[in-house]
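Below is one structure, written out as structure tokens; the observations come after it.
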Amino acid sequence: MQYLLLCAAILLPESLAFPVHMKLEPWSNVDLEKVKVYLDKFFPLFPKTKSLTLEDRIKEMQRFFHLTVTGTLNTETEETMKLPRCGIPDIAEYQTFPGTPRWKKTHLTYKIVNYTPDLPRRKVDDAIRKALMLWSDVTPLNFQRVQRGRADIEIGFARREHGDGYPFDGRGNTLAHAFAPGEGIGGDVHFDEDEKWSEFNQEVNLFLVAAHEFGHSLGLAHSNVRGALMYPIYSYQNPTTFRLPEDDRRGIQKLYGLDECVMETRRALGSSSFQNTIEEAKNEKESVSTSQRPYKNKTAKYYLQQQQSCMTYRGQN
């Protein structure tokens, strides 16, 4: 089986994003050979596009990244080409991969094969767990960690060549990669150990990159929607307030549907207020857990009670 390789890099909502300032490769002069290499790697020619000129291909790249479409290498375009990003082609206007690979089951196992020295192990465990929860919260999927044997999603840190045919490139540029659902290496996620992994906003945030990668592990391709988790360029957002954007939610539910238990709660609450109730409930949950005060919002309380029932039903308690 041929697996689709995906790499991590995410751009989160612009109004809330704080870009990580990584050193850009210096280009003293426009190097057309480097431009061609970039375009061949990320915007390759296919039989139906093989007649495109260099100008046309630059325009394609500019449209994907929502730049000013000129067909020339202006400063904006050059700087975008130098940003740390994913190492595979960008698939514009697709939420899922060709052939729509997906897991044929909803109970998936994961295993953390090794750890980065950049963070305490418990911080890595927590980042991975929370990143997976972003996806399980909006689908019928649930994830169980295993310590031994083969897991559906195996997670590890590695440098340079690490045995899968897709070597990392050192600090910056490619941050991580993952494989689409399938047997063997399918679903696995590899993080570049040459990066400086962090819990918050120093260097590269593990939670944010992991969340993006798990989208790939579940079958999502890159999105060209600015603000989507699956957008292919890295930028920081506060992980404690991050919520899965609508574009990603639609994409993953296209593959796996909406949890029946959640759907029952939605019907009971009314679809128009459902999302607001979720946000209110999360705020209520945080404040109640710290102050032990009673819930103010009865609708939010109902949602949380139903959510607890869903987790028990799924075997997550």
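Glycine residues also receive a Cβ, built from the backbone N, Cα and C atoms like all the rest.
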If TrEMBL says Gly186, Asp188 bind Ca(2+) 2, which of Asp137, Asp152, Asp169 does it name for the same site? Asp152
Would you please pick out, from the binding-site residues Asp118, Asp192, the one with the fewest other Cβ atoms within 10 Å of its Cβ? Asp118
What is the pLDDT of the domain 'Peptidase metallopeptidase' (99-258) when averaged and given as a whole number? 93
Across all the protein chains here, work out how many other Cβ atoms are within 10 Å of the Cβ of His190 (Zn(2+) 1 binding site). 25
I'd like the number of other C-beta atoms within 10 A of the C-beta of Gly186 (Ca(2+) 2 binding site), please. 18
Can you give me the residues near the recorded Ca(2+) 3 site, meaning same chain, not Asp169, Gly170, Asp192, Glu195 themselves, Cβ no more than 8 Å from the center of the site's Cβ atoms? Arg159, Phe168, Arg171, Gly172, Asn173, Thr174, Leu175, Glu193, Asp194
